[in-house]
Amino acid sequence: MSTPAPLAAEPGTAPAPAGWRQRLTGWLRGGGWVAVAAYLIAQAGLLFWWAANFPGLFSPDSLDYIWQSTTGNWNNHHSIPYTALVWLSLQLTGGVGALTLGQTIAMALGVAYLLTGLRRLGAPAAALLPAAAVLVALPPVGTFFACVWKDVGFVIAVTFLVGTLVRLVAADRKRRGGHLVWLLGGEALLAAVFRQNGFVMVAIVAAVGAAVLAGARLRIAIAGLAAIVVALGLNLAVLPAMGVKNGFAGVSLEAFVGDIAVAYRHDPGSFTAQDRAALETTAPLSLWASSGTCASTDTTVYDPAYDRDASIANQDALMGVWFRVARRTPGEVVATRWCRGALAWSVTPRYGLSRNPNPWSAKTYVARDPRMAQTPFRGAVTSKPLNDTVYRLAQRGVRATNGRGVEWIAWRGATLAYLTYAVVAFAAWRRRDPTLLLVAVPTAAVQLSVLLVNNVQAARYMAAPYVVGVLLLPLLFVRPAPSAPVEEGQDG
């Protein structure tokens, strides 16, 4: 017996809503397949690096997260939300593999989100998937997302934030607002809590976005301001009230301490007795006289003779010394900051570069940190690649990017930042849309924040411009602005 055909809709009535299968099929055919393919490519590549460096890559900061979260010594000198994720992974699985796996999943989603957004700006689908493949094939990128670092969370947040900016730029004036603006605010909040100076980037992006995006000016300003207030309020008030040690002030103080150390090393006789007394509250004068270097503050603030708690307690006195130094020798202070900020602007090797950690250093870091004897998760700091062949292939790639003559392109975020400006400027000209320049603002904001306050020549501080720079390359192939609006189904 044959199945009766479905009854046709009565004339003048709306057709029955499509089921989820029909909607999914329509989405895939309309461009959603690009999102799926971009995610799968990015996820496969990042899983390769995760397996090669399982359960993760560790630096001294990574050990600090583990020690803090498992011994009750929480300190907002580092990102508390990220430290909490480390704690959660340790409690649920006994290691950090779940955390680093989650990082690869989140970043793969971010890659798909940003790349599919570029379709709204006229980037062809054929250019999007190669960008995803190139990004995750790069050893500096793949190993970065295997690291137990708060900076990973920051880069993921920035990737999503740029993806939302792309959508806001592409939207017509009447559609700029609503969920996209509040999504932007959430991404800005994550960026501000994963990196202690992330609020600087958020402030710049919100200010420029509010200035250029007609139809959403006020909402963008409110979203950005809310993200900054919540992030700073969390660090300065909420977390200390919950018993978290307030080391947040020490993060920015270290840059000023570095300036003082350089000045004292060059001319100790210019410091008054009052100045020297203030310096001695934190470290012996012998350290101030020998540790100052323009490239890094670590030679001073991580010396065993330097008392970090005392520096925070005597912050006002130390800042008084800094202001007197700045008035006396402003040129030297500016030169010191410019030197230390070379990471932000220089494309050539300067002063050495701290790259991503290697697998075999984990045991050394544990042996050097006596605090790790206090945590039951000391054994979580280890390297156990899931496959020897994968490990060997990964190490071959890492060695290639560590070779002479390739640092400028393999590791320098500044190089990708300048490339971003050129690519976005070309796309804005091609589309006859100056608001498209907003897409490059997060890169400029990160570059500026590193230039103003940077403590060490660490590649990870410019990882966001590096990653975003690769993902924006499809804009080189952008089509001219269409004569009619792009349909919703074409954006993935």
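Cβ from N, Cα, C; glycine included.
Sequence-distant neighbours of the transmembrane segment (31-52) (same chain, 6+ residues past either end, Cβ-Cβ under 8 Å): 24, 100-101, 104-105, 107-109, 111-113, 115-116, 119, 125, 128-129, 132-133, 135-137, 139, 142-143, 145-146, 385-387, 390-391, 393-395, 489-492. The transmembrane segment feature in TrEMBL is assigned to 31-52 (among others).
Residues or ranges marked as transmembrane segment in TrEMBL: 95-115 (among others). Remote same-chain residues near the transmembrane segment (95-115) are listed as 34-36, 38-39, 42-43, 46-47, 49-50, 54-56, 66, 85-86, 88-89, 128-129, 131-132, 135-136, 145-148, 152-153, 155-156, 159-160, 162-163, 166, 377, 380, 468, 471, 474, 492 (criterion: CB distance under 8 Å, separation of at least six residues from the stretch ends).
What TrEMBL lists as transmembrane segment is 127-146 (among others). Same-chain residues lying 6+ beyond the ends of the transmembrane segment (127-146) with a Cβ under 8 Å from its Cβ atoms: 34, 37-38, 41-42, 44-46, 48-50, 52-54, 56-57, 100, 103-104, 107, 111-112, 115-116, 118-119, 152, 155, 355-356, 394, 397-398, 400-401, 410-411, 459-460, 463, 466-467, 470-471, 473-474, 476-477.
According to TrEMBL, the transmembrane segment annotation covers 152-169 (among others).
Among the features that TrEMBL reports, transmembrane segment is placed at 181-214 (among others).
What TrEMBL lists as transmembrane segment is 220-239 (among others). Within the chain carrying the transmembrane segment (220-239), a Cβ under 8 angstroms from the stretch's Cβ atoms is held by residues 74, 76, 80, 181-182, 184-186, 188-189, 191-193, 196, 198-199, 202-203, 205-207, 209-210, 213, 246, 248, all 6 or more beyond its ends.
According to TrEMBL, the transmembrane segment annotation covers 409-429 (among others).
Taken from TrEMBL, the feature transmembrane segment covers 435-454 (among others).
What TrEMBL records for 461-478 (among others) is transmembrane segment.
Remote same-chain partners of the transmembrane segment (461-478), defined as residues 6 or more beyond its termini with a Cβ less than 8 Å from a stretch Cβ, comprise 111, 114-115, 118, 121-124, 126-128, 131-132, 134-135, 138, 140-141, 144, 151, 154-155, 158-159, 162, 343-344, 412-417, 419-420, 423-424, 426-427, 430-431, 439-440, 442-443, 446-447, 450, 454.
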